[in-house]
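Enquirer: Sharing a structure, written as structure tokens. Questions coming.
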Amino acid sequence: MMVEIIGGLLANSLAVITDAAHMLSDAGGFIVSLVALQLSKMEATKEYTYGYKQAEVLGALLSVAIVWALTAVLLWEAMPRFFRPEPVNGKLMFIIAAIGFGVNLLLWKVLGHGHSHGHGHSHASDSVAVDAALAHVIGDMVQSLGVCVAALCIWLEPFNIGTTPIENGEVSNWIYADPLCTCLFGVIVLYTTRSTMVRTVETLLGKAPENIDQDKLSAALVKIQNVKSIHDLHVWTLGSSQVFCTAHLVVDAPNHQGKALCEAISVVKRAGIGHSTFQMEVVGEIVAENCGGCDDASPKSGHNRSHDHDHDHSGHAAESHNSEHEPCHGHGGHGGAHGHGHDAAHSHADHAGNSHGHGHA
């Protein structure tokens, strides 16, 4: 990076300085990405109940934002050179750009190979932070290649395209390749990082994952036996890959809540949702959003939480863990529904009173 900056200044090449600046921003982006990835692995706390999963997304956003800001500055600096061209040392410009291209190619090989094959199979879409780093390297590599081509044109002047007067004489019109290259590849860098920026913003805004059709998911939940309707369905992503879901399920009778909850967990699990929360409601006894007397009402709501044990009896929540390997079992005959969620999701129906069910996958 320092070699490119010094070389760019000596060659008076804005394109080389642009390439060096992008490499510098990449180094900062790598650091931000690594810190964000480590933060995302930290356990949840009382203050941050979801943990630090979003740190990875914020890191990617910051990393791309730095590149965009830097590119905007360099594009702004390149514009005057179209009207007041300056002499450029094409030979030195080519040597420095070639070195930059080689370094970027090596980084792309190492980072791309480790990201795709480090665990025996591809994880290319698992981490937006790593995607941001890869996008930076690819953008710089393409830009370095373009700078090499521009430098060759300025240096060798493959054919005569006229001259332009400057303060101390005149220069070949090939000199415009320097600011043109800066603008062209600045736009390319913006384009290559656009998708990462869009993904990070969508994640922070809580957009539903593209691979989950909420209409189909809602229809599948309504098809569950004894479920009469569904409302307040929300699906979003936390971090780069954890998908969450919440919904209100309305069943026809209190003693059907447990079984419906269990089946709902299975439905969302098959849809690729690992963490789900369902509030169970009964026809004619639906909990109002602004209920003034909820404290005195019989419990009808539920959550689907990832806890080791699940309970359901009058005034308590039945929690169920959705396992990826074991089936969901239902049991009856309890005074209050009780479930354990180590290897399978269990649900029990109350034989008296209203059932209150929570499930967290």
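In case you wondered, yes, glycine gets a Cβ from its N, Cα and C as well.
According to TrEMBL:
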COMPBIAS  305-329  compositional bias 'Basic and acidic residues'
COMPBIAS  340-353  compositional bias 'Basic and acidic residues'
DOMAIN    1-205  domain 'Cation efflux protein transmembrane'
DOMAIN    209-266  domain 'Cation efflux protein cytoplasmic'
REGION    298-361  region 'Disordered'
TRANSMEM  20-37  transmembrane segment
TRANSMEM  57-76  transmembrane segment
TRANSMEM  88-108  transmembrane segment
Enquirer: DSSP on the domain 'Cation efflux protein cytoplasmic' (209-266): how many residues come out helix, how many strand, how many coil?
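Expert: DSSP classes over the domain 'Cation efflux protein cytoplasmic' (209-266) add up to 22 helix, 22 strand, 14 coil.
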Enquirer: Taking every residue in the domain 'Cation efflux protein cytoplasmic' (209-266), what is their average pLDDT?
Expert: 87
